[in-house]
Amino acid sequence: MKRTRDSARNGWFWLAGLAAFGWLVYLLTPMLSPFVAGAVLAYIVAPLVDWLEHRRVGRTLGTLLVIVLLMLALACLLVLIVPMLINQGQALSLRLPGLVDWAENTLSPWLRDTWGMTWHFDAATLKRELTSNLGALRGMLARAAPLITDQGLALFGYVSNLLLLPLVLFYLVRDWQQFTRPLARLIPRRWYRDLGMLGDEIDDMLGQFLRGQLAVMLIMAGVYGGGLWLVGLESGFAIGVVAGLLVFIPYVGAAIGLTLATLAALLQFGGLGGLLLVWLVFMIGQLLESMFITPKLVGERIGLHPLVVIFALLAFGQLFGFVGVMMALPVSAALVVVVKLAQARYLASRFYRRRR
């Protein structure tokens, strides 16, 4: 009886500790961004640092080389993509009135003659509203600089987090064993073997998932960006790269890219020919991703249904903001391992196997 009471007391103790840890994470969410992002990136680049270390490159030097290359690649991507998106936004604001005219004079008659659909709208009023709203948007952007100046403390926080990320990544990659060894010593010996096996499986799962997902994102960025560039869409490469980098959100990333590309195609081509080519690029991309690329690089071993991924992203984002979005998929992948272990234990238990 006493042993039962002690076990129950220990269970409540661990439950309270877990709840306190969750509450602490919630309170510290605003400052956790560089640490969570650093942990995710560390999982991705650690194998490359290990490979350099096996080639007799010191771990400190290898970590520095990998981080410098990563930052340079990110900077080049931003320098390439951001101006293209800005130009596309400016072109969109200039061509929207023309798009309204096209919808009234071309699209509406085509829908009526081909499908028997009648679409009535006041083009003059719509153009007036668009012009008014675009003017307000330009005014808001013009006021952005003083606003940023006034919110200097918040801006300092964002910049500090951005500058802290390489430092966090460096120490996590170089000194990971120094962080984990003290924690491993605290594990009760009777749990050490089981928790060690669980930790190894979670580590393997996270590594495979994050590196596989990164490879899928880069490949799909090339597929969408290259495809839209080949069909002649202005800023198509930038739109395609954005769509490819968002594929970690099932269907949503492709939907955002398709919407942007459709708007750009309507503004540029003014007809259905170019629009159909853009849609063909996304159709081919979706087929490649769902049937070949994701199964090959991420694999069925992860076992995360697309609906579960979407729910995890929304739930973690609601609870923890941007930090939660970064945590959602790694935590979900780790939970898959825990659930599989619990399922195996349950199926092997006497409670499940007993017939009466």
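Here the Cβ of each residue, glycine as well, is placed from N, Cα and C on the backbone.
The feature transmembrane segment is assigned by TrEMBL to 12-29, 35-52, 64-86, 153-173, 214-231, 237-258, 265-288, 308-341.
Here the transmembrane segment (214-231) sits against the transmembrane segment (265-288); at least 3 CB pairs are under 8 Å, leaving out pairs fewer than 6 apart in sequence. Here the listed stretches are 35-52, 64-86, 237-258, 308-341, and the one with the most C-beta pairs under 8 angstroms to the transmembrane segment (265-288) is 237-258. Within the same chain, the transmembrane segment (12-29) stays apart from the transmembrane segment (237-258): fewer than three Cβ pairs sit under 8 Å, each pair at least 6 residues apart. Taking Cβ pairs closer than 8 Å, the transmembrane segment (64-86) reaches residues 41, 45, 48-49, 52, 57, 166, 169-170, 173, 235, 237-239, 241-242 in its own chain, all 6 or more past its ends. Under 8 Å from some Cβ of the transmembrane segment (308-341) lie the Cβ atoms of residues 25-26, 29-30, 32-33, 36-37, 39-40, 43, 198, 201-202, 205-206, 209-210, 213, 248-252, 302, all in the same chain and six or more residues away from its ends. Same-chain residues lying 6 or more positions outside the transmembrane segment (35-52) and placing a CB less than 8 Å from one of its CB atoms are 59, 61-63, 65-67, 70, 165, 168-169, 172-174, 176, 206-207, 210-211, 214, 323, 326-327, 330.
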